[in-house]
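Everything below concerns the one structure shown next.
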């Protein structure tokens, strides 16, 4: 660290002057990499380990971080603190070595909490919509000249990164409930987009436990803080009397403090009116499709309005919103070989949604924006436990598309569960008589199988949270042609 950076750090976090070197185990994850980037730009020495390089590790290396693609005890011995992701087991050799050397080992949310401690923290929580809402808020604050620090779980396209160190007191961060680690955060403002049964292994399978954890998170707000909550969500509405903090509600509901009205979608843009208490109506053009994104925008507007940001800045940010990586991510429009003498093209969209509610929202946005296109989905279920727990919901939602291709379940380290795999899910959907799903044996087969069924004006949704995003990028790179298989065999 240079003298100027050290002086800045002593002003923001005086006690952290003892920390020089921060090591991240599992640094290639978006959440871990984002925090590492902010700390690197604050002047800390950053190192980390992961199993393989990716865009996150490449970006951090360019910032001066030392990245190891193995887990070894010697990687941590010079560290002041070791930050560990949820995916890392306690017997990881770097964790064992750090504990033996009496180096503090903390979770990523604890480090995020330290970044937030001396700033005006805005935490975005909820089962769905966190990443996009965080990006919208960051865009609005940047448009208003407030230069926020942000830490997001997905790529913020306008910034070209998951995280950025700003010069102001504002820190906008995605708050992760998957391991309950968001309880470490003590923000000034907290958004709750919705609450559904997901990551239930963390909550002992008890939905009441999950709901109480969200209440505990909101109780981390100071008495002068504010909770911004989606009143359209039945669970959020149920919890309102238990929050005990100042609340602003938002949604399509008539009793919302920030109400969405007259929503319509034209292609990739949503158009709607926002009614706010004691404020003029604003007519919003949002450069993101779907009613779910209108809700995300309403949450961001509620926070920005409370902060006193001008409507003109809010509206400019939303109409110019560039989106986030793998959230209805438009990868291109590609010409197809003529069918029956008619020219056609296929629109390729990559989406991270892996819960039935998220998949449903993506399908609805595609139908609303491109009603004349045939919806072709390549889907990869994520985790056997989620597939088992939400099996009927998945079968119902996936039956809405016109053509369905399905990869096997992305296990994320879980053992297979009989009856909760892709073959069973395809069979269930087929037996309902609406659709005849195509089981894709492996990722290498996907481009060729897609090419065989595309005709005319198709909209291809590549959907899921596993490694399916790599397939989407390969499809775009080769303009939907089935060259992936040969390239991978010979590359």
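Just so it is clear, glycine is given a Cβ too, placed from its N, Cα and C backbone atoms.
Source: prediction; values computed, not measured.
Listed in Swiss-Prot:
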- 126, 127, 128, 129, 130, 131, 132: ATP binding site (BINDING)
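Other Cβ atoms within 10 Å of the Cβ of residue 132 (ATP binding site), summed over all protein chains shown, number 29. Residue 130 (ATP binding site) carries a helical DSSP state (H, G or I). Report note: the ATP site is defined by 126, 127, 128, 129, 130, 131, 132, and the residues of the same chain whose CB lies within 8 Å of the CB centroid of those residues, excluding them, are 124, 133, 193, 194, 296.
Applying an 8 A CB threshold to same-chain residues 6+ apart, the list for residue 130 (ATP binding site) reads 124, 153, 174, 175, 176, 193. For residue 128 (ATP binding site), the same-chain residues lying six or more positions away in sequence with a CB closer than 8 A to its CB are 193, 194, 196, 292, 353, 355, 357, 358, 361. Taking Cβ-Cβ distances under 8 Å and a sequence gap of 6 or more within the same chain, the neighbours of residue 129 (ATP binding site) are 193, 194, 292, 295, 296, 299. Around residue 131 (ATP binding site), the same-chain residues at least 6 positions away in sequence with a Cβ under 8 Å from its Cβ are 152, 153, 154, 174, 324, 327, 352.
Remark: residue 127 (ATP binding site) has 177, 193, 194, 195, 196, 198, 355, 357 as non-local neighbours, by Cβ distance under 8 Å and separation of at least 6 in sequence.
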